[in-house]
Amino acid sequence: MTHEEHHAAKTLGIGKAIAVLTSGGDAQGMNAAVRAVVRVGIFTGARVFFVHEGYQGLVDGGDHIREATWESVSMMLQLGGTVIGSARCKDFREREGRLRAAHNLVKLGITNLCVIGGDGSLTGADTFRSEWSDLLSDLQKAGKITAEEATKSNYLNIVGLVGSIDNDFCGTDMTIGTDSALHRIIEIVDAITTTAQSHQRTFVLEVMGRHCGYLALVTSLSCGADWVFIPECPPDDDWEDHLCRRLSETRTRGSRLNIIIVAEGAIDRNGKPITSESIKDLVVKRLGYDTRVTVLGHVQRGGTPSAFDRILGSRMGVEAVMALLEATPDTPACVVSLSGNQAVRLPLMECVQVTKDVTKAMAERKFDEAMKLRGRSFMNNWEVYKLLAHIRPPVSKSGSHTVAVMNVGAPAAGMNAAVRSTVRIGLIQGNRVLVVHDGFEGLAKGRIEEAGWSYVGGWTGQGGSKLGTKRTLPRKSFEQISANITKFNIQGLIIVGGFEAYTGGLELMEGRKQYDELCIPFVVIPATVSNNVPGSDFSVGADTALNTICMTCDRIKQSAAGTKRRVFIIETMGGYCGYLATMAGLAAGADAAYIFEEPFTIRDLQVNVEHLVQKMKTTVKRGLVLRNEKCNENYSTDFIFNLYSEEGKGIFDSRKNVLGHMQQGGSPTPFDRNFATKMGAKAMNWMSGKIKESYRNGRIFANTPDSGCVLGMRKRALVFQPVTELKEQTDFEHRIPKEQWWLKLRPILKILAKYEIDLDTSEHAHLEHISRKRSGEAPA
């Protein structure tokens with residue numbers, strides 16, 4: 001962005017006014033969006049107004065519409081719900097109510113409206129916009145507004161952000177609040193699992209989501225449930241027999257518990273509701289199992305927003321302001337949404353229409369169509385769930401292949417989930433699956449055993465690495481590794497791990513020249529808290545680490561708020577990769593985040609100190625600074641702490657905190673469980689195909705570059721990339737990819753922390769159309 005363009009961003013909002021409101025059911029992360037809209041609005045020079053109590057506040061006006069300041073959105077990020085209040089509003093549905101709302105906006109000169117809510121709230125906003133000119137002429141006729149006021153406010157711009165825990169809005173992969181709701185559900189499922197195992201019970205859990213089965217589906221994937229009932233795909237007519245057979249099979253395999261997940265809108269093929277109680281009665285009557293029902297209810301809306309929702313809310317809020325300020329009378333009202341990890345703008349009414357089409361398809365019992373309309377992400381979740389839950393492994397192993405799975409590098413939450421799904425999908429395909437303990441070292445020493453179906457039972461929710469993981473690379477022990485590949489007849493290798501898994505893969509490729517035994521297909525599933533594996537935008541375990549850092553920062557900020565005038569300097573992990581520091585900075589509302597990828601000088605440190613000195617003069621008397629562990633060898637955490645302590649004398653005092661290895665622990669978040677499960681399934685499917693492809697003269701021989709890949713999430717899809725091709729994109733000295741997508745989120749961090757920056761202010765999304773997205777551009 002040139003200096004002039006940047007200057008344009010900072011003056012884009014001058015003379016304009018934006019109102020922000022939250023409507024409909026509340027969702028965690030709405031506050032992050034409100035905070036971003038307010039701060040970016042102020043950054044561009046616009047005036048920003050809070051509308052309290054949703055549309056009701058818009059209709060009632062007066063004290064309900066208040067101007068927001070920079071400080072008024074401080075300490076909001078970590079709060080659940082919506083601070084400015086929300087209400088379901090009857091008045092706004094009537095034209096009379098909308099007339100009053102228009103009057104209130106015109107009087108304040110507000111012509112830009114940012115609505116955060118579900119599909120109902122967004123449809124209401126669009127109606128309001130289409131009637132705007134008629135409403136103004138009515139107000140003018142009635143003498144409530146002058147001709148001048150009418151001309152000044154001659155059109156209304158609207159942008160929507162989807163805040164709903166149900167994730168039922170078409171066109172966006174994740175709505176604000178969905179991830180946090182999954183956190184609440186998984187916390188409960190984990191807690192119930194322990195008591196169910198003690199008593200050998202069956203639990204029926206009912207989750208929210210109205211007519212959308214997303215929460216139920218992802219929960220089932222994330223906890224390895226025995227059965228799930230979702231409205232989009234009712235069970236076959238003989239489901240009662242099938243369910244009971246499935247539950248008793250699980251028990252005979254040695255499981256001590258059964259978990260059944262029910263979406264509140266679940267129905268059978270005839271459209272008759274399936275209730276939790278009816279399922280309980282069925283299980284008790286047919287099988288005599290001790291069965292309990294737990295209806296989760298409004299717990300799912302509560303609690304602290306997850307790191308994902310805070311970042312999502314913040315990114316969407318920034319994009320919303322840009323969309324409003326760039327809008328013209330001819331641009332359609334748009335929704336800012338997420339596709340893969342990219343912000344996109346979609347026409348509001350197209351999204352609403354598709355969302356209505358789903359309801360219509362379900363009412364007409366066209367369930368396949370409803371599934372398709374939900375998008376590719378939903379379909380993928382369903383396919384993987386069906387594979388893992390409903391298909392029995394074949395008894396005979398004729399024509400089977402032998403695949404080995406291992407962990408390499410440092411432990412990361414979600415590794416076990418990846419191993420579980422790899423093992424089970426492998427068994428379903430009729431393969432022999434071996435697990436290797438302690439990484440390449442174990443492969444060399446022959447610490448290898450065969451895994452059966454129940455070997456990996458209950459692994460999804462367990463943190464760390466149950467197979468054991470080491471950073472050792474294979475080169476030194478090619479002899480022993482080759483011998484064991486022959487001894488155990490290993491025909492394919494799935495490596496779950498971090499940067500070492502990738503470099504180990506490269507070494508295996510080089511070793512193929514000397515050792516024929518190494519000519520077997522292998523795939524790397526990136527799993528590391530640092531998120532520094534080339535070929536993937538995300539790695540398994542990073543989301544869990546991010547939430548751990550966030551939780552700690554929240555507690556630290558609370559302590560600082562109590563003591564006043566205190567600045568905390570926190571050191572995060574990540575090696576040379578600044579992903580954790582940047583994303584945690586965004587999610588925890590840090591004043592600065594120092595990273596290796598963005599070199600900084602003593603002058604930058606000085607600017608930050610001066611910035612904090614200014615901040616202490618406002619009502620917000622605390623600071624939070626994050627520092628990546630290897631961002632600079634001389635400006636260490638101690639150095640920065642000493643500098644801040646000296647410069648802040650008499651104005652603020654400083655404290656430091658090194659988070660350390662707690663970032664590698666904890667039980668995996670729903671995102672990591674789900675991501676790992678899907679990656680494992682995808683890797684095993686690829687592996688089966690590759691082995692068949694490389695089968696020649698009774699043995700496996702794979703020596704092409706595409707037989708050694710990294711499986712990664714790239715923008716909107718899961719892709720396999722040959723490790724040799726990724727070599728060019730890697731900075732081996734610092735163990736990071738040369739290009740990293742999240743660096744473009746850095747300016748948002750700075751704007752939200754009130755820095756006057758000369759940088760591109762936004763990742764800039766262009767208006768797209770939803771039909772294109774449905775035809776297969778959604779992420780996997």
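A Cβ is built for glycine as well, from the same backbone N, Cα and C atoms used for every other residue.
Per Swiss-Prot, active site, proton acceptor is recorded for Asp166, and the stated evidence type is sequence analysis. Packing around Asp166 (active site, proton acceptor) is summarised by its Cβ count: 27 other Cβ atoms lie within 10 angstroms of its Cβ, all protein chains included.
According to Swiss-Prot, the ATP binding site annotation covers Gly25, Arg88, Cys89, Gly118, Asp119, Gly120, Ser121, on the basis of sequence analysis. Cβ neighbours of Gly25 (ATP binding site) (same chain, under 8 Å, six or more residues apart in sequence): Ser86, Gly118, Ser164, Ile165, Arg301. Mapped onto three states, the DSSP output places Gly25 (ATP binding site) in coil.
The substrate binding site annotation in Swiss-Prot covers Ser164, Ile165, Asp166, Arg201, Met208, Gly209, Arg210, Glu264, Arg292, His298, Val299, Gln300, Arg301. Remark: Arg210 (substrate binding site) has Asp166, Asp168, Glu264, Gly265 as non-local neighbours, by Cβ distance under 8 Å and separation of at least 6 in sequence.
Look at Swiss-Prot and you will find Arg471, 528-532, Arg566, 573-575, Glu629, Arg655, 661-664, Arg735 tagged as beta-D-fructose 2,6-bisphosphate binding site. A sphere of 10 angstroms centred on the C-beta of Ser530 (beta-D-fructose 2,6-bisphosphate binding site) encloses 29 other C-beta atoms.
The O-linked glycosylation site feature in Swiss-Prot is assigned to Ser530; the stated evidence is similarity to another entry.
Swiss-Prot lists Thr2 with the feature N-acetylthreonine, giving similarity to another entry as the kind of evidence.
Under a cutoff of 8 A between CB atoms, and with a sequence separation of 6+ in the same chain, the neighbours of Ser133 (phosphoserine) are Asn154, Tyr155. Annotation source Swiss-Prot lists phosphoserine at Ser133 (among others).
Among the features that Swiss-Prot reports, phosphoserine is placed at Ser377 (among others).
Residues or ranges marked as N6-(2-hydroxyisobutyryl)lysine in Swiss-Prot (evidence: similarity to another entry): Lys557. Lys557 (N6-(2-hydroxyisobutyryl)lysine) carries a helical DSSP state (H, G or I). Within the same chain, the residues at least 6 positions away from Lys557 (N6-(2-hydroxyisobutyryl)lysine) whose Cβ sits under 8 Å from its Cβ are Met75, Gln78, Phe568, Ala588, Gly589, Arg622, Leu624, listed in sequence order.
Under the heading phosphoserine, Swiss-Prot lists Ser667 (among others). Note on Ser667 (phosphoserine): other Cβ atoms within 10 Å of its Cβ, all shown chains, come to 18.
For Ser775 (among others), the entry in Swiss-Prot reads phosphoserine.
Swiss-Prot lists 2-390 with the feature region 'N-terminal catalytic PFK domain 1'.
Sequence annotations record features per position, and here Swiss-Prot assigns region 'C-terminal regulatory PFK domain 2' to 402-780.
The most densely surrounded of the binding-site residues Arg88, Arg471, Arg566, His661, judged by C-beta neighbours within 10 angstroms, is Arg566. Taking Ser530, Gly575, Gln664, Ser667 as the recorded positions under consideration, the smallest Cα distance to Arg88 (ATP binding site) is found for Ser667. One residue stands out among the binding-site residues Gly120, Gly575 for having the most other Cβ atoms within 10 Å of its Cβ: Gly575. Mean per-residue pLDDT, taken over the region 'C-terminal regulatory PFK domain 2' (402-780), amounts to 92. Fewest other C-beta atoms within 10 Å: among the binding-site residues Cys89, Met208, Val299, that description fits Val299. Between His661 (beta-D-fructose 2,6-bisphosphate binding site) and Gly120 (ATP binding site), the C-alpha separation comes to 45 Å. Here Ser667 (phosphoserine) is positioned 32 angstrom away from Arg566 (beta-D-fructose 2,6-bisphosphate binding site), judged by their C-alpha atoms.
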